[in-house]
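Here the structure is laid out as structure tokens; the discussion comes afterwards.
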Amino acid sequence: MPDMKLFAGNATPELAQRIANRLYTSLGDAAVGRFSDGEVSVQINENVRGGDIFIIQSTCAPTNDNLMELVVMVDALRRASAGRITAVIPYFGYARQDRRVRSARVPITAKVVADFLSSVGVDRVLTVDLHAEQIQGFFDVPVDNVFGSPILLEDMLQKDLDNPIVVSPDIGGVVRARAIAKLLNDTDMAIIDKRRPRANVSQVMHIIGDVADRDCVMVDDMIDTGGTLCKAAEALKERGAKRVFAYATHPIFSGNAIQNIKNSVIDEFIVCDTIPLTPEIKALEKVRTLTLSGMLAEAIRRISNEESISAMFEH
């Protein structure tokens with residue numbers, strides 16, 4: 001069996017180190033930096049010939065820099081005769097640009113990124129909670145899309161939730177919320193239906209389900225600015241919800257996210273470590289991080305040993 005080796009770019013160094021620790025190994029010796037003009041510089045400083053290589057790199061902000069680091073590392077490893085290269089992308093950037101809505105003249109950038117990774121020699125992709133699962137079909141190589149929900153669920157079960165109800169913040173998240181509700185002792189589910197009656201009229205939030213006197217658990221794949229989630233929480237509180245917890249896998253936290261979190265009626269934001277938090281976000285008492293290092297380490301081990309990934313999520 002080829003030697004398994006882990007390498008990491010500069011996007012998620014702490015997560016990469018946690019994964020390496022879980023696998024009782026060390027990160028490979030690679031110098032990933034910049035030339036004086038800002039171009040990505042990569043040099044692999046150890047023998048990788050014939051090795052089973054895993055590169056851990058989220059393509060989060062700065063998205064283009066992190067993406068270029070990833071593809072340049074892949075090229076360097078491929079030219080060094082690596083046996084198999086798996087791109088471990090905890091957060092897959094550009095995933096929200098996955099279709100042309102109403103045939104608008106826009107790119108399908110998720111497909112562009114998939115082609116880019118395939119063209120430089122990625123043999124396999126391991127990622128977490130793709131924004132749209134059909135993105136797997138954009139690749140010409142195998143894609144393992146694992147789920148952060150078991151880690152989030154474990155935290156929910158440890159909380160002292162009072163008569164909980166799982167809330168989907170939009171129609172698109174119903175399947176995710178239903179799965180969580182079933183595993184959370186088969187609890188009830190509510191849906192927030194956001195609609196704009198007509199142009200230039202404020203968005204109205206209809207809550208489908210009874211949330212009065214209950215702890216609400218909102219689940220989503222990501223939190224960006226957090227604006228919509230915070231407004232949804234206000235609507236839940238107006239309907240009599242006791243506490244509101246927001247769970248999400250990917251903590252993007254862009255734009256005015258800090259202000260939104262500070263002013264939010266949400267009691268706690270629980271996110272995973274697919275994207276590093278800024279010091280300002282870390283300082284917020286409402287934000288707590290769970291690590292996916294154990295789950296990703298197990299997925300890497302299974303891929304390297306040619307074992308089933310789907311078996312990790314069988315209940």
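Glycine too: its Cβ is placed from the backbone N, Cα and C atoms.
Whatever TrEMBL says is automated annotation, not expert-curated.
TrEMBL annotations:
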{"type": "DOMAIN", "residues": "4-121", "note": "domain 'Ribose-phosphate pyrophosphokinase N-terminal'"}
{"type": "BINDING", "residues": "Asp37, Gly38, Glu39, Arg96, Gln97", "note": "ATP binding site"}
{"type": "BINDING", "residues": "His131, Asp170", "note": "Mg(2+) binding site"}
{"type": "ACT_SITE", "residues": "Lys194", "note": "active site"}
{"type": "BINDING", "residues": "Arg196, Asp220, Asp224, Thr225, Gly226, Gly227, Thr228", "note": "D-ribose 5-phosphate binding site"}
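Shown on the structure are the features that TrEMBL records.
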residue: Gly38; record: ATP binding site; DSSP class: coil
residue: Arg96; record: ATP binding site; DSSP class: coil
residue: Asp170; record: Mg(2+) binding site; DSSP class: coil
residue: Lys194; record: active site; DSSP class: strand
residue: Asp224; record: D-ribose 5-phosphate binding site; DSSP class: coil
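Here the C-alpha separation of Asp224 (D-ribose 5-phosphate binding site) and His131 (Mg(2+) binding site) works out to 12 Å. The 10 Å shell around the Cβ of His131 (Mg(2+) binding site) contains 18 further Cβ atoms across the protein chains shown. Cβ-based neighbour count (10 Å, all protein chains) for Arg96 (ATP binding site) stands at 14. Here Thr228 (D-ribose 5-phosphate binding site) is compared against the recorded positions Glu39, Gln97, Lys194, and the shortest C-alpha distance is to Lys194. Listed in sequence order, the residues of the same chain lying 6 or more apart from Gln97 (ATP binding site) and placing their CB within less than 8 Å of its CB are Val106, Pro107, Ile108, Thr109, Ala110. Inclusion criterion for the recorded positions Gly38, Arg96, His131, Asp170, Lys194: a C-alpha placed within 10 angstroms of the C-alpha of Gly227 (D-ribose 5-phosphate binding site); this criterion is met by none of them.
Here the candidates are the binding-site residues Glu39, Arg96, Asp170, and by Cα distance the one nearest Gly226 (D-ribose 5-phosphate binding site) turns out to be Asp170. Whole-number maximum of the Cα to Cα distances across the ATP-binding residues Asp37, Gly38, Glu39, Arg96, Gln97: 30 angstrom. DSSP assigns His131 (Mg(2+) binding site) to coil in the three-state reduction, placing it in neither a helix nor a strand. It is Asp37, among the binding-site residues Asp37, Asp170, Asp224, whose Cβ has the fewest other Cβ atoms within 10 Å in the structure shown. Rounded to a whole number, the distance between the Cα atoms of the residue listed as 'active site' and Asp170 (Mg(2+) binding site) is 7 Å.
Each of the binding-site residues Gly38, Gly226, Gly227 was assessed for Cβ neighbours inside 10 Å, and the highest tally belongs to Gly226.
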